[in-house]
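Participant: Sharing a structure with you now.
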């Protein structure tokens, strides 16, 4: 029994011990991971926003937020509360229903993507065998939400921003998918957990970044474009389109777009870690034999096993998040150091450079796998 299944079983048993019926306890066990996922996602966004403000301040030789909490850590929460209490304005000539459903279609696929992200060994909400395929399919819904948001606003800037967002997402989703398929072909699996497991044998030397360097570079650039980060933030270029498809949005709906942007950056970084940087695996190959024997000297067997069950998941999650925020650091650094490119340059980069690179990388990976199959 995995640690996650055991934790769920113990939680149900604990709720039943408090006098709650089994049916209600089972419902709680179903919805609790969903609530936990939402809370963790929001916390991840708050940390990412704070990091971006501090890093951008350092790049521009400023101090950044410092008064709202220690080191300005509460500034993102204050801004979020401010957005929640602002008036939600709907354009008089716009489509009210589509205007409201646009942000939902943008943020929902991003949140659902976290279901198949392994934060540690057996620490995953839904370990389906088609995890990579699920992420690719669910992320393809986001451009539809952006296009609907731009169309429903009945504003020329919003419509142009929505069209740009859809064109950009389609252009860069294809090379991104081909890079993911190369990793899947190399690992002979579509499961995110299995992909990480295959990168643990020799430590950092087993990571897929060494076997797929071209794929990693292509994935990094395409993921930045998918997240609409500078230098690829053409759909909301202030000098050209005011705020793009977000122009007519305010209050909580604008906040949903804002949160979705950072959630997308976070989930893209997590998948980069899972696919290329070994996931929860430590860079140096280690074994737990010495760790277990050290604690067995002074602790009973049950106590040492219980301690390991508590410590190992924490270590796995910490390693995954450390790699993720390292990836986010470079994404933030790119935003504040590179100039915005033109829309024609954006599409040329996607179709004329990244797509051929991704196709060539996939063909080389397939040839390599066929050669190994012939000699095995």
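A Cβ is built for glycine as well, from the same backbone N, Cα and C atoms used for every other residue.
Summarising the annotation, Swiss-Prot assigns transmembrane segment to 27-47, 65-85, 97-117, 130-150, 166-186, 251-271, 272-292, 310-330, 353-373.
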Participant: Take a look at 97-117, 130-150, 166-186, 251-271, 353-373 and tell me which one has the most Cβ pairs under 8 Å to the transmembrane segment (310-330).
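Facilitator: Answer, by Cβ pair count: 251-271.
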Participant: Counting only residues 6+ away from its ends, which parts of the chain sit with a Cβ under 8 Å from the transmembrane segment (130-150)?
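Facilitator: Distal contacts: 98-99, 101-106, 108-110, 112-113, 115-116, 158-163, 165-166, 169-170, 173, 177, 180, 183-184, 190-193, 195, 226, 235, 244-246, 249, 257, 264, 271.
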Participant: Taking contact to mean three or more C-beta pairs under 8 angstroms, with sequence separation of 6 or more, is the transmembrane segment (166-186) in contact with the transmembrane segment (65-85)?
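Facilitator: Result for the transmembrane segment (166-186) with the transmembrane segment (65-85) is no.
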Participant: Quick one: find which recorded stretch in 27-47, 65-85, 251-271, 353-373 has the most Cβ pairs under 8 Å with the transmembrane segment (97-117).
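Facilitator: Going through each listed stretch, the top one turns out to be 251-271.
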Participant: With pairs restricted to those 6 or more apart in sequence, evaluate whether the transmembrane segment (27-47) and the transmembrane segment (251-271) have 3+ C-beta pairs under 8 Å.
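Facilitator: They do touch: at least three Cβ pairs between the two stretches lie under 8 Å.
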Participant: Residue list, the transmembrane segment (65-85) vs rest of chain: Cβ under 8 Å, 6 or more residues beyond ends.
Facilitator: 45-46, 49-50, 53-54, 57, 251-252, 254-255, 258
